[in-house]
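Participant: Before I ask anything, let me first share the structure, which is written out below as structure tokens.
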Amino acid sequence: MASNLAYQEHLPAAPGWLNKGDNAWQLTAATLVGLQSMPGLVILYASIVKKKWAVNSAFMALYAFAAVLICWVLLCYRMAFGEELLPFWGKGAPALGQKFLTKRAIVTETVHRFDNGTVESPAEEPFYPMASLVYFQFTFAAITLILLAGSVLGRMNIKAWMAFVPLWLIFSYTVGAFSLWGGGFLYQWGVIDYSGGYVIHLSSGISGLTAAYWVGPRLKSDRERFPPNNVLLMLAGAGLLWMGWSGFNGGAPYAANITSSIAVLNTNISAATSLLVWTTLDVIFFGRPSVIGAVQGMMTGLACITPGAGLVQSWAAIVMGMLAGSIPWVTMMILHKKSRFLQEVDDTLGVFHTHAVAGLLGGLLTGLFAEPSLCRLLLPVTDSRGAFYGGTGGAQFLKQLVAATFIIGWNLVSTTIILLVIRLFIPLRMPEEHLEIGDDAVHGEEAYALWGDGEKYDPTRHGSLQSGNTTVSPYVNGARGVTINL
């Protein structure tokens, strides 16, 4: 019986180098990471904020997802993973032509060399086309911008945000990605960032805090009372975020291999442990568990394990989860309230704590717990290991610390410059009247047809349902619409 055409390797669509299992997993992993943002964080952001900001918060995430994709294929993929322009930056170019997208994937500058110049490990060449790799890496870039948005929800001018997204992607994200993943100087030095503890979480947390400083705070009333408008829907978004993380860390080896399996297991172990620890601390100190707190604990566990997910043993994932559920809890619940600077800077969703602190913690712990045999399965540098395993492990921890300093410094400076330039043309913060009203003023749309939460009824925008049998509602701060005379 003749085999199915899809499995005949002589066909142009199935060249000899194509591994259909790896390709299928990479596209699946990319889709899982994409689902973390759209709809995961879109739903989470829309639900965790006050009702009057639901539409705006969701739209900021939705816009970023779309804008990043177009910028990514036009320029930024090859800035992050192309040929070297500078030790921390690649040469920008489009990733759109069929000759580029249908050839075998390769991360051009990932050749690792010994000090004498001889090749230690060749360039990474996954067994699938460039199109799969371009899309996979796009989803990481997109979620970084969306995480950053969590720091400025509820007051950033939407036009300023629309300008900020492409500029930050070009001048901030691509630098970290090339330096650590695309063959840049930190990659060549042997710094470990398995799946974005530094490139994604540390950078989004630091840039989010910086952006919150320059944009300015929410209204005093919003800062004092900012209840989620739908806790159950928030949990649905959080669930998509958690489950999608299997693609986040499972796709990082660029193959469906042993490292991928270890990473998926460790990711879920760390998230569960961190959630339980955070919830326990809430019960001990506040007398009851918090659903929002549990979601925060989940996030810190996921962010913390990311830089070492496929490189640490599962017992270490439990330890990392315990630290991820406690140290960011302390910085958010105790240190934040004692720091005058953190009190003044309005980081809406605490992205600094849940991502910057957790990402930094994970990167440093990877420098301690990276297991030599697991490192040999993936890393290009011979004899990579954490400090707890002796040998060169102490130097590895130092490398992790220096890399974190570079990522923090670059993101702080680049984010500041970008926002100051945008401020010359567009106000960074919404006008006060928009801040009072929310979605209705900014978008002319509302999330729910429920009793009002600050929005104002504008009779000039609404006609009668039927002439002669309706009257305008006298409640100017109530729900928009009309009252029917029965």
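Placed from the backbone N, Cα and C atoms, the Cβ positions cover glycine too.
Taken from TrEMBL, the feature transmembrane segment covers 24-46, 58-80, 134-153, 165-186, 198-216, 228-248, 254-278, 290-309, 315-336, 348-370, 401-426. Here TrEMBL flags 24-448 as domain 'Ammonium transporter AmtB-like'.
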Participant: With the transmembrane segment (24-46) as the reference, find which of 58-80, 134-153, 228-248, 290-309, 401-426 contributes the most Cβ pairs under 8 Å.
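Facilitator: Maximum Cβ contact count belongs to 228-248.
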Participant: Between the transmembrane segment (165-186) and the stretches 58-80, 198-216, 290-309, work out which stretch tops the count of Cβ pairs under 8 Å.
Facilitator: 58-80
Participant: Can you say which of 58-80, 134-153, 254-278, 348-370 has the most Cβ pairs under 8 Å with the transmembrane segment (315-336)?
Facilitator: 254-278
Participant: Give the one range among 58-80, 134-153, 401-426 whose Cβ atoms make the most pairs under 8 Å with those of the transmembrane segment (348-370).
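Facilitator: Looking only at 58-80, 134-153, 401-426, the most contacts with the transmembrane segment (348-370) come from 134-153.
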Participant: Let me spell it out: take the transmembrane segment (134-153), skip the flanking residues so only those 6+ beyond its ends count, and list any with a Cβ under 8 Å from a Cβ in it.
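Facilitator: That would be 26-27, 29-30, 33-34, 36-38, 41, 45, 49, 53, 56-57, 60-61, 64-65, 68-69, 72-73, 76-77, 80-81, 95, 101, 161, 165, 168-169, 173, 177, 196, 199-201, 203-205, 207-209, 211-212, 215, 248, 251, 347-349, 351-352, 355.
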Participant: On average, what pLDDT score does this prediction assign to the domain 'Ammonium transporter AmtB-like' (24-448)?
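Facilitator: In the predicted model, the domain 'Ammonium transporter AmtB-like' (24-448) has a mean pLDDT of 95.
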